[in-house]
Amino acid sequence: MASPYSNTPYDQVSPNESSGFLATRRPKRHISNWIKFGIPLLIAVIIAAVLGGVLGSRAHNNHSSSTSSGASTNPSATGEVAASQAASIKEAVGLFPTGTDSQYLLPIYPSTTNTAAFTTPTFNPSNNASLAWPKDPFQPSNPSPTSVRSDRPRLIAPSYKWQALPQLIQNDPYLKFWNDTIFGNATAYYPLPPVVYHMDGSSGILDNAREIKMRLKAFSYVYRMTNDTKWVDRAFLELQNAAGNGTASFGPDSQDRWNPTHFLDTAEFTAAFGYAYDWLYDAWNDTQREQIRTSMVFYGLETGLNAFSNSTTGWWADNIEGNWNCVCNGGLTVGALAILGDDTSGIAEQILGLTIDNAKSNCALAVSTDGTWAETANYWYFGTTGHAEMASSLMTATGSDYDLLSVNTNFNLTGLFHMYVTGPGSLFSYGDHGPNKFSTTANSILFYGDQFDHPEYILFQRDQHDAPEPWSMFWYDPTVAGAFWDDMPLDHFFDNQLDQWGSMRSSWTDENALYIGVKAGQLLGHQNHNDLDCGDFVIDALGTRWAGELGSGDYLSTNYFDGDTQNGDRWLYYRKRTEGQNTILVNQANQNVNAAPTIKHDTSNTTQGSSTVLDVPSNSTAFFTADLTSAYNDTTSFKRGIRMLNGRKQVLLQDDITASGSIMWRMHTNASVAIDSSGTSATLTIGDQTLQMQILNAPSGATITQGPATRFSNDPPLPPGQVDQPNPGVTVVMISLPAGTYSLQVLFNPQWSGMSASDFVTPPSVPIDSWTLTSHN
Ligand SMILES: *[C@@H]1O[C@H](CO)[C@@H](O)[C@H](O)[C@H]1NC(C)=O
Ligand SMILES: *[C@@H]1O[C@H](CO)[C@@H](O)[C@H](O)[C@H]1NC(C)=O
Ligand SMILES: *[C@@H]1O[C@H](CO)[C@@H](O)[C@H](O)[C@H]1NC(C)=O
Ligand SMILES: *[C@@H]1O[C@H](CO)[C@@H](O)[C@H](O)[C@H]1NC(C)=O
Ligand SMILES: *[C@@H]1O[C@H](CO)[C@@H](O)[C@H](O)[C@H]1NC(C)=O
Ligand SMILES: *[C@@H]1O[C@H](CO)[C@@H](O)[C@H](O)[C@H]1NC(C)=O
Ligand SMILES: *[C@@H]1O[C@H](CO)[C@@H](O)[C@H](O)[C@H]1NC(C)=O
Ligand SMILES: *[C@@H]1O[C@H](CO)[C@@H](O)[C@H](O)[C@H]1NC(C)=O
Ligand SMILES: *[C@@H]1O[C@H](CO)[C@@H](O)[C@H](O)[C@H]1NC(C)=O
Ligand SMILES: *[C@@H]1O[C@H](CO)[C@@H](O)[C@H](O)[C@H]1NC(C)=O
Ligand SMILES: *[C@@H]1O[C@H](CO)[C@@H](O)[C@H](O)[C@H]1NC(C)=O
Ligand SMILES: *[C@@H]1O[C@H](CO)[C@@H](O)[C@H](O)[C@H]1NC(C)=O
């Protein structure tokens, strides 16, 4: 049975419904064309054909080593049966999400129940070369970073994988779709002129580097799949351009062409050259190889070697547990591995002697004990891409990851972080959003899912818009089966002191689901990518985001990254200030950078089942509360709590506060806001969806007001000549109260279709200290 607020759900997709359902279910949405096939979904047929066959086949024993046809002496017949049944289900279901939300680029899941296909995430090991990767024949007994496999490619995609790939593509709709997409992308890049040098200041030439890397990966991939040397020639054009040998000049000058003072750029160019050198190794002639190497060594590896003893270019190597360390060590490692043995200067060996240990003691520790990436949800992409590329390249080239994957025993939780920080609207995108992504994706969790035995990471990511690119082709384990949402708890709380955040939702597969992301956490220790945002939250419902984030300021602003002290200039910019967050302000002042909140939370532990339609029990709930007193001056006590109500159809946000300074509740929204005449409730509208918010038990004089997302006129001034970014379309909803003691309760009622006014509940008033799972029934 469907939840009352989902769109006309139906339990099964039949072939004749499948072509039209997107249009009828999502009349307001433009379905972008990243997925145009994958239909029909012959699910009814499949259930009949294979029911029972895959049910209960949950065991996942050592999948990565049992796929070798040579090594496996006693292949389990039932294992093979399960694998082949899973393969036929996969073929028949096809590419499961059949469209994507054009605004948020998240997959749209059809409403269906398929207890044959959507079982517990698992791997179905197989010896059938059409269904599973063979075992890597290169298994050195004493791996060493400078001892590489003898065949090419050596980075990420060894030749045994290229040989297996065409057959795997034939039997996996995801691989097939990604292969087609990469061909399409490479074809689109082909006629374009080489990437034009552009120094944009705030991110240097990082966009250039990542765009070139993206293109080179695609060209190299298509060449290897076709043997058509036109792709090699086109790749060389791009390499020559980035080396300054093209028709247009490239880089700030002929010495610092890859901009080593912003070393991310240098590292990404080095990686790009490394992959192209290695993947196209057999296609280059000696002159070309030497040219690529010379440029990469001069602009990349030599500046990299210097960086390890130069704090201007190499500050990232000195105790930086964040994306910089991963990207810089990763790029240098990839470049060094690519030319190892061909370059006689010894620089590749020197680099490898530095990068691996450095990444182990820094990059690998950027994942907290709870799996959270210590910077932000967006910086997770950059950090994990650098880390995964480095670990994967070391493994394929030399036979070991040198503990990059295991030195932090909690690294395996970082896929969970990414899944829970992804709401049905978009990421809970607190803090800085970072530069453009280009070659950066979430595909690291395809790799991690395989390495850490978390099939749900793979199942989640394979449906995402950024999956199609060359890494997926080699990181994806096609023996994966089941559904990521099956048995997946709706809520998860991330408890590390540094992070302290919660994720609660009403469904994993309904783009209209209710979602709350909320955080407390410490305000130092995030590589200056965070905001002063204890108590900040986002709310998604009805396919859109109601309370949201403003994102990065201008990285070029004066002292934008000066955030280690209370008076650091970073905290002068509106988007970074507490007033730019969805939280409480006291005296219109910033929160204290040394805040040390404590949190409590609980959940009914509701999990989703096989169906994409979840019937949420009426007592299913979750809450997160934080004692934020330490974040404020002039505040005797302050606790904020947020919870799901009424079977996860409503949200209550409560602030129990005693302050000697003025209090202001703030929330940023893209909605247009209509406040009723009493001032105690407001109707928020985005498109044709509405959400009603209302102050409960309104403290005397408490009214809702609205204003622009701009700084207060009496804020301390910005550094000379600096301005805040405009926030067009954003309204701040406010509730202002004088000093005093309050329990301020705000109820959010998304206006779900099919729900009438009487279906909404008005919760009792309960002090946050007394909140339990049943306190609001
Ligand atoms: C391997 O799998 C393919 C695709 O499912 C199937 O057609 C083929 O018969 C299988 N081969 C063996 C030896 O089982
Ligand atoms: C990969 O995609 C291209 C373009 O659609 C197609 O021509 C080629 O046959 C595909 N490769 C395989 C192995 O299916
Ligand atoms: C790759 O091709 C797909 C399908 O046409 C498109 O949606 C996507 O934007 C392209 N990606 C890039 C980076 O050009
Ligand atoms: C490309 O060439 C390699 C090496 O000769 C060969 O193994 C492979 O089958 C060829 N691929 C195609 C698509 O022709
Ligand atoms: C190597 O290849 C390039 C590009 O195709 C060509 O211009 C050059 O003449 C070749 N050099 C040799 C020595 O074959
Ligand atoms: C670019 O030109 C320089 C100077 O002639 C040469 O050393 C280098 O190898 C060339 N690199 C590429 C990729 O063409
Ligand atoms: C460190 O690197 C910067 C930028 O490339 C350079 O200007 C400076 O001379 C280097 N310092 C040393 C000591 O090498
Ligand atoms: C993560 O890895 C650690 C250390 O290997 C292990 O003890 C733990 O069970 C793993 N956790 C998960 C969720 O995989
Ligand atoms: C407004 O919408 C944009 C685009 O979807 C989003 O990036 C931003 O976070 C939203 N802002 C708020 C305050 O919700
Ligand atoms: C709060 O008070 C402390 C101690 O007086 C002071 O150092 C700090 O700057 C104040 N915080 C803010 C945000 O004003
Ligand atoms: C939810 O799960 C947690 C952890 O297993 C457990 O401590 C708690 O009692 C469970 N709560 C309910 C309501 O089942
Ligand atoms: C919800 O109700 C079910 C059935 O009465 C009960 O077993 C469960 O404990 C309740 N859960 C909570 C969180 O109250």
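Using N, Cα and C of the backbone, Cβ positions are placed for all residues, glycine too.
Taken from TrEMBL, the feature compositional bias 'Low complexity' applies to 62-79.
Residues or ranges marked as compositional bias 'Polar residues' in TrEMBL: 139-148. Residues of the same chain lying 6 or more positions beyond the ends of the compositional bias 'Polar residues' (139-148) and with a Cβ under 8 Å from any Cβ of it are 154, 337, 340-341, 348-349, 352-353, 356, 394, 397-400, 402.
Taken from TrEMBL, the feature domain 'Heparinase II/III-like C-terminal' covers 512-698.
Here TrEMBL flags 61-83 (among others) as region 'Disordered'.
According to TrEMBL, the region 'Disordered' annotation covers 129-151 (among others).
According to TrEMBL, the transmembrane segment annotation covers 34-55.
Within the model, the domain 'Heparinase II/III-like C-terminal' (512-698) shows a mean pLDDT value of 98, rounded to a whole number. Residue counts for the compositional bias 'Polar residues' (139-148) by DSSP state, with H, G and I taken as helix and E and B as strand, are 0 helix, 0 strand, 10 coil.
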